[in-house]
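Since the structure comes first, as structure tokens, the remarks are kept for the end.
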Amino acid sequence: MTNSTHFINGQWIAGSGHDINSIDPAKNVVIWSAKSASSAQVNEAVVAARNAFPAWSLMTVDERLVIIKKFAELLGEHKTELAKIIAKETGKPEWETATEVGAMIGKIAISEKAYHERTGTVENAMPLGQAIIRHKPHGVVAVFGPYNFPGHLPNGHIVPALIAGNTVVFKPSDLTPMVAEFIVQLWEKAGLPNGVLNLIQGQVETGKALASHANIDGLFFTGSSRTGKILHEQFAGHPGKILALEMGGNNPLIVKDVADVDAAVHDIVQSAFVTSGQRCTCARRLFIQDNAQGDVLLARLLEVTKNIQVGHYDAEEQPFMGAMISSAAAAGMLSAQQQLLSLGATSLVALEHTEKDTGFVTPGIIDVTAIANDMPDEEHFGPLLKVIRYTNFDDAIAHANNTSFGLSAGLLSDSKADYDYFLARIRAGIVNWNRPITGASSAAPFGGIGESGNHRASAYYAADYCAYPVASVELDVVTLPSSLSPGLKF
Ligand SMILES: NC(=O)C1=CN([C@@H]2O[C@H](COP(=O)(O)OP(=O)(O)OC[C@H]3O[C@@H](n4cnc5c(N)ncnc54)[C@H](O)[C@@H]3O)[C@@H](O)[C@H]2O)C=CC1
Ligand SMILES: O=C(O)CCC(=O)N[C@@H](CCC(=O)O)C(=O)O
């Protein structure tokens, strides 16, 4: 099977690069094949987006929204089909991919509201004329997506970019090309003019060709900190280009005094193991009190974790966790666990790679208290939760902040005073109290500090990086001011 998978200037074309395959990580079968876009094809996509920009940006926002809302309608009509494609390509259970499609649909109304509220037009009267703030699109922007939310996260860049009047070249993760192809087919059906959204598929070299293209005005990226940093270096010396980076985290969750142990365990599990730990917001480090209360909580957490259902995305009785994205990702989690053990950590529930050549792993919990000060500050992007026992709340907060990342953080405690104390001291872009630290709202800004981003928060604030402000002072007719500057005579 080979696909005409690249969508350039409104045409589906075959790639002229090398072979790329997509593999169902639960069944280990190739489900999609094509040839990647060559750098000449990347260039064609950028040229198409450039040529489409004047007409698209000169349309009114309401005219653009007619097409964008049609896309939302089509997502609704095809929601089951899309949820199944996402599940097949990522291994995520269908209950979860259905919520991903729901988030994609919800993104359109939220982005419309954000466009007006954050980048709309503001008029202020002046003694002579008025001051007006407007916003304009940047031009051609590249959108890079990750594999863990192959629909929702690129959509979170594409929709606000298009509303603002930009044209787009979309480079999805090479692990989820089939999802990207289906979504762009829906955009085509929605009636997007040729060249407004272009899709190029491929691996790192395709990404490099796009990111380094001289004729893009910006790049919106969601992915790993490693890649984000490479892009940041590449953009050095280009102050005129906008770069928005949404990257990883090494997120802490602290548990203090809680009465309802099961409720706390629920929020921990939901924070650490949803999407098989493959969310940038997932809890990686869990701080538990080193006392009898902490022992009870930990014992219950281990019990519940051992009973988490892991299974096929399409199983009739849906599992909580599906397969990870690939057998390589699963193997990577095993070696991360092994590395921590060799440093002196203690396994509490072993993460196991249960089916060879698939992405299936069981969730793991590892006590790293003994090596807490020597642990690598790395994001292990899978279901392995590191437990640190603490005696002093200040120490736990200091330790939680001892990371170069700063995406999400949380406190489970029945005390509002504890939360106020925590909130004032913790350093992260998403800080939750008595709720899981995953499942961020699209109606709020979404981004982190440190190595988690570059201060261009996405979700509700994505509108900000999709347009630049234009400040004007205006008067209908050239008018001599009634009060003149000293020294002027008329
Ligand atoms: N903060 C956030 O909003 C989110 C962050 N993430 C992070 O994403 C990561 C998982 O996603 P992945 O797909 O593995 O990320 P990744 O960094 O491997 O890939 C992301 C995109 O960049 C492209 N790419 C990779 N190397 C490149 C290079 N040198 N030049 C240009 N393009 C390149 C890839 O092909 C892909 O399209 C995790 O670290 C996770 O924390 C995931 C979701 C949300
Ligand atoms: O981008 C948005 O609209 C909100 C952010 C969001 O949905 N975050 C999700 C997934 C991001 C990830 O962790 O990969 C979450 O917080 O669970």
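Keep in mind that glycine also has a Cβ here, set from the backbone N, Cα and C atoms.
Per TrEMBL, the features are:
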DOMAIN    12-464  domain 'Aldehyde dehydrogenase'
BINDING   G223, S224, S225, R226, T227, G228  NAD(+) binding site
ACT_SITE  E246  active site
ACT_SITE  C280  active site
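Features as recorded by TrEMBL, highlighted on the structure.
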| residue | record | DSSP (3 states) |
| --- | --- | --- |
| G223 | NAD(+) binding site | coil |
| G228 | NAD(+) binding site | helix |
| E246 | active site | strand |
| C280 | active site | coil |
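The average pLDDT computed over the domain 'Aldehyde dehydrogenase' (12-464) stands at 98. For S224 (NAD(+) binding site) paired with C280 (active site), the C-alpha to C-alpha distance reads 9 Å. With a cut-off of 6 Å between Cβ and the nearest atom of ligand 2, the recorded positions T227, G228, E246, C280 reduce to C280. A simple way to gauge crowding: the CB of R226 (NAD(+) binding site) has 11 other CB atoms within 10 angstroms, across all the protein chains here. For the recorded positions G223, R226, T227, G228, E246, a Cα-Cα cutoff of 10 angstroms around C280 (active site) retains G223, E246. In sequence order, L153, F221, T222, G223, C280, F446, G447, S452, G453, S458 are the residues near E246 (active site), counting only same-chain partners six or more apart with C-beta under 8 A. Note: the NAD(+) site is recorded as G223, S224, S225, R226, T227, G228; in the same chain, F221, K229, I230, L231, M247, G248 also have Cβ atoms within 8 Å of that site's Cβ centroid. The binding-site residues listed here are S224, S225, T227; among them, S225 has the most other Cβ atoms within 10 Å of its own Cβ.
The Cβ of G228 (NAD(+) binding site) lies under 8 Å from the Cβ of F221, L245, M247, E451, G453, N454, each on the same chain and at least six residues away in sequence.
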